[in-house]
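Below is one structure, written out as C-alpha cells, with a few remarks after it.
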Amino acid sequence: MTVRNDWTRDEIQALYDQPFLDLVFEAQGVHRQHFQANTIQVSTLLSIKTGKCPEDCKYCSQSARYDSKLEAEKRIAVDKVIREALSAKESGSSRFCMGAAWRNPHERDMPYVLEMVREVKALGLETCMTLGMLNQSQAERLKDAGLDYYNHNLDTSREYYSHIISTRTFDDRLDTLDHVRQAGMKVCSGGIVGLGESRNDRIGLLHELATMPVHPESVPINMLVPIEGTPLADVEKLEVTEWIRTIAVARIIMPHSYIRLSAGRESLSDSDQALAFMAGANSLFSGEKLLTTPNAGEGKDQLLFAKLGLTAEKPKPSIAELTVDAMSA
Ligand code: SAM
Ligand code: DTB
Ligand code: SF4
C-alpha cells in the first residue's frame, strides 16, 4: 500500500464512524503489513526544566498561569541527564526524550541542550527533545549535534486550538514542524484527546497530520491527564473507546508511523491497553513519571509485556560498546 497524503475529512470520518470492532480489525491488518507484530518501541521521558512556562496551555501543569501546585525546577545538570539516560537504556528503552517547559529555547540554552544531545546519542540511544518553538538555525544545530526526533504536538484541530491555547497559533506550530523537517530531523507530532473537543476536532487533528507532505514518523496520542488548578481540571472524561478509535484511525491513515499510546496510560486497565495495541499503537513511554505526572512504572510494564507476549524494540549498542566489540573481533 502506498502512503497517501490526500486523505479527506470525509474519508477520515467514515473510518471513525465504523463499528468499533471493524475499525480495530482493519487497523490491526494495516499494522501487520508495515510493522512486526507484538513489538513495541519503548521511550523514556525526562523533564530537563520543569514549570514556570509562560504559555497558557489549558491542560498543562507547567504553565505559570495556573496554580497547579507543581514545584518548579531550574535546568537540571547534564551529568544527571546522562545517568537517567543510562538507566533508561538498561531498562530496555531505545529512545530518550528530554522535555523543557519553554515557549522556545533562548540562545543561552543552546550550548546546554546541544551538549546533552551529543552525550545521550553517544550512549547508543535515539534522542528526542521537546523544547517549544524552534527557529531554523536552532533546528539545524540540534540536528548536527545528533538529535533524531523533535516532538512538537499540534494537540487538537485548527478550529479548536484557540480554545485551548492563546499564547501561540496553530500556524506557529506548523512553522516549527517545517523547520524540523527542513533540518532533516524526524518529526514526532500528535495530540491530546479529552480536552472537551468534538469528534470533528479529532478528525481535524488527524487530517492535518495525515496530509503533511511527509507523515510524522511518530504520532503520540495523549489522553488528557486532568491537573488540579488548570482550566481543564474538571472536563468530562472521554470514553476510552474514543481514544482507541483515534489510535486506530491514525494507524490506518499513517501506516508507516509509530503510533504512541502516550499520556493517560495510568488510567487504563491491561485489557484497555491490549485493545490499544490491537488498534495499532506500537510505542509508549515507560518509567514511573512522564514529565510531571505519574506513569505505569517499569515493573508494571514488564508484567504487561509478559502477559501479552510483547517485546520491546532493541536499543542500539553505544559507540563505546561498538568500539569494545571491534577491538575483541
Ligand atoms: N513545552 C513544549 C511544548 O509544548 O511543545 C514541550 C512539553 S509539552 C508538556 C509536550 C506535550 O505534552 C503537549 O504538547 C501535550 O500534548 C502533552 N501534555 C501536556 N500536559 C498534558 C496533560 N495534562 N495531559 C495529557 N497530555 C499532556
Ligand atoms: C507527548 O506527546 N506526550 C509527552 C511527550 N510528548 C513530551 C508528555 C506528556 C505529558 C503529560 C503530562 C505531564 O507529565 O506533565
Ligand atoms: Fe508550556 Fe508546553 Fe506546558 Fe504549554 S504544554 S504550558 S508550552 S510546557
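Placed from the backbone N, Cα and C atoms, the Cβ positions cover glycine too.
According to TrEMBL, the protein has these features:
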type	residues	note
BINDING	C53, C57, C60	[4Fe-4S] cluster binding site
BINDING	C97, C128, C188, R260	[2Fe-2S] cluster binding site
DOMAIN	38-262	domain 'Radical SAM core'
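Structure with TrEMBL features highlighted.
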residue: C53; record: [4Fe-4S] cluster binding site; DSSP class: strand
residue: C60; record: [4Fe-4S] cluster binding site; DSSP class: coil
residue: C97; record: [2Fe-2S] cluster binding site; DSSP class: strand
residue: C128; record: [2Fe-2S] cluster binding site; DSSP class: strand
residue: C188; record: [2Fe-2S] cluster binding site; DSSP class: strand
residue: R260; record: [2Fe-2S] cluster binding site; DSSP class: strand
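Sequence-distant contacts of C60 ([4Fe-4S] cluster binding site), defined by Cβ-Cβ distance under 8 angstroms and a gap of at least six in the same chain, are C53, Y66, I227, T230.
Highlighted here are the binding-site residues (C60, C128, R260) whose C-beta falls below 6 Å from ligand 1: C60, in sequence order. Confidence for the domain 'Radical SAM core' (38-262), expressed as mean pLDDT, is 94. Across the structure, C128 ([2Fe-2S] cluster binding site) and C57 ([4Fe-4S] cluster binding site) place their CA atoms 21 angstrom apart. Among the binding-site residues C53, C57, R260, the residues whose Cβ sits under 6 Å from any atom of ligand 3 are C53, C57. Here C57 ([4Fe-4S] cluster binding site) is positioned 19 angstrom away from C188 ([2Fe-2S] cluster binding site), judged by their C-alpha atoms. The binding-site residues under consideration are C53, C128, C188. Their Cβ neighbour counts within 10 Å are lowest for C53. Summary: among the binding-site residues (C57, C97), the fewest other C-beta atoms within 10 A of the C-beta are counted at C57. R260 ([2Fe-2S] cluster binding site) counts 25 other C-beta atoms within 10 Å of its own C-beta, drawing on all protein chains shown.
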